[in-house]
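> According to TrEMBL, the record shows the following:
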type     : residues : note
BINDING  : K376     : ATP binding site
COMPBIAS : 269-279  : compositional bias 'Basic and acidic residues'
COMPBIAS : 295-306  : compositional bias 'Low complexity'
COMPBIAS : 307-332  : compositional bias 'Polar residues'
COMPBIAS : 419-446  : compositional bias 'Polar residues'
COMPBIAS : 447-462  : compositional bias 'Low complexity'
COMPBIAS : 469-478  : compositional bias 'Low complexity'
DOMAIN   : 5-73     : domain 'DRBM'
DOMAIN   : 98-165   : domain 'DRBM'
DOMAIN   : 201-269  : domain 'DRBM'
DOMAIN   : 347-674  : domain 'Protein kinase'
REGION   : 266-332  : region 'Disordered'
REGION   : 413-478  : region 'Disordered'
Amino acid sequence: MEAENYVGKLQDHAQKTQSDLRYEELGYDGPPHIRTFRLRVVFNGKGYPPGEGKTKKEAKQNAAENALKSLLESNQESVDSTNASAPVDQQTATSNINYISWLNQYVQRNKLVMRAVESTRPGPNNAVPYCSFVVGDKEYPAVSGKSRREAKEEAAKLVYHEICGSKTTETADLQDEELNQNVSEICNKTGRLSLNNTETNYIGLVNHYCQKKRLSHTFIKVRSCGPPHNPQFFYKLVIDDREYPEGEGKTVKEAEQNAAQLAWSALREQSDWDSKESAKSTVSEDNAPTGLPTSFSQESSEPSSQNMATGTSDSSNPTKDQAAVETNSMGNSASKTLIQSRFTSEFDSIKCLGKGGFGHVYKAREILVDKYYAIKVVHGKKKALREVTALSDLQHPNIVRYYNCWMEDSEYKQDSSEDPYSTTEDSYTATEDSYSATEDSYSTTEDSNSATADSSRTTTDNYSATADSCSSSQLSSNSSPQYLYIKMELCDPRTLEDWIDETNRITLQHSKRREQGLTTALQIVSGVEYIHSKKLIHRDLKPPNIMFGRDGKVKIGDFGLVAAQAHDADGNLMKRTYNKGTESYMAPEQISERNYGEKVDIFALGLIYFELLWKRSTIHEKFTIWDDIRSQTFPEDFSVTFFQESLVIKSMLSEKPEDRPEASKLKAELEKWAQALMHQKNVTV
């Protein structure tokens, strides 16, 4: 299991104590592709022990953990030293709690379903408003108030005291509990934990209901507050001039979703509620999402041992049967009911990494196994299966790993108020390579907005699925749009193109660049050899399509143009589509002919190996010499400095495919070089 979300815990603590929280970057160590980042927390002006990690996110988590531990220790010391005056302070703190906000945060943090039950009862003079809360599967007693708002606040207060304890002497323990957020202990008090219910699309439910009933509805912003780095939004839903309770959230989407949930709960309690609506909703009476395995909401919090289509183990790749598209009930035209999205029900922490003509790629956490993956969403056409079919048969440490895929009737839409392309350590740049005789356009992680695009062809993102026709019959044509969701390995944000650009900006000794270039080239060749052993051709090898895994290993991605090595009855290469790929890295026969084989990958690999070794000052320099490089004419300094490498690169760039080495022979030769370099290095030391 991955580490707990200490950043979120510290953010909650800072919000509750109205404290100033910020993070300071302390730099990094190590080579560009395997760096160690250092950050520290500054809490109310005080610095705390720094955290380290392979990514800024990991370092931030470790820094937050260190700060939380220090705060917890100092908080305990403060409680011990002021124990005599604690009751007065605790009563004051308790009286200042916004119980409704606390309850909203509590259910969201612990992934529980909550609904408010509002009613009126006869009083001495007028009807008295009452309110009670149902949290998880536990219903709390109803409480009265002078107004609906007060009744709701008192009901939330009752839940607070039942969960946290009403005795003032327990407040210190509560503070520790809030810092530690021991979810399992809290959930034992409130009932079973449902993994998927918080992901129910209540906005979709309300939309469906209002369309059926022909009711008008709109979301109204009530207010917003909080600092820019931690805003709070409040929205309410108005259906046919009737206002429903306001929902709170850290984003507009979250606030609207919570408002829709409260309105949905109120609608279900109306006297004219049609019981058939419950069967058509995505949430059944026992709060288990329909269309999903019942084990998701059973009493036990342990995952079922049953094999699941989402791939809960990393030990092996899925079988071909598992790789097949799971159309299930979503593709059944006979079902007219609203179906819950598998993506939003089984994944959370969804963040857009890139988009293009192929669709979108998201980083998302699978709730059941608590792991992050890359989820690619593309139009569900037959040609989209090309990459899926290829990847399902590939399992190699130097190839981006595929897990499984499934079909849905709708495409996931992200809230427009959230910027999916913020330049954080986890954002992926949609890299485009449209180099031609007159134009060279690149984009890097540092400046993703500077890239210009070739309108004739867009090759976006390392996970892209640009594919031509595919004869697979696994996807049938359908009048309604279908979308294919592909679950893949999540890689480091930077590509090999970024690594080359970063390396060109610093001065390295030739021996160091030779060593790094050889190590990288050897891993790429190893992946290419495996691809060719499976009788496949990649056809689009280039630096933007080569990534680094979280362990620092090179990963070949983007199998959208993959093709089979095919021959006719006479042993000749079969005709295939020409000019498929990125022209600046295409072999001559790939540009102008229709008969070509796996040697086109060797040509592209030769160009990549040259870039790994040669330091260019500007993009313009590459533009001026690129045609010469493709024609085996290297700068004089390169041939002198990297004499042995220049010979093998020339063979890889041979105009005739038959003169280029096989991937297996190339790998063996590079392995000999690596051993010789290692021996030479040991002797020197």
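Each residue, glycine too, has its Cβ placed from N, Cα and C.
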> By DSSP assignment, list the helix, strand and coil residue numbers for the domain 'DRBM' (201-269), in that order.
29 helix, 22 strand, 18 coil
> Where does K376 (ATP binding site) sit in the DSSP three-state scheme?
strand
> Suppose we draw a 10 Å sphere around the Cβ of K376 (ATP binding site). How many other Cβ atoms does it contain, all chains included?
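So the number of other Cβ atoms within 10 Å of K376 (ATP binding site) is 26.
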> Can you break down the domain 'DRBM' (98-165) into helix, strand and coil residue counts using DSSP?
28 helix, 20 strand, 20 coil
> Would you mind giving the whole-number mean pLDDT across the domain 'DRBM' (5-73)?
84
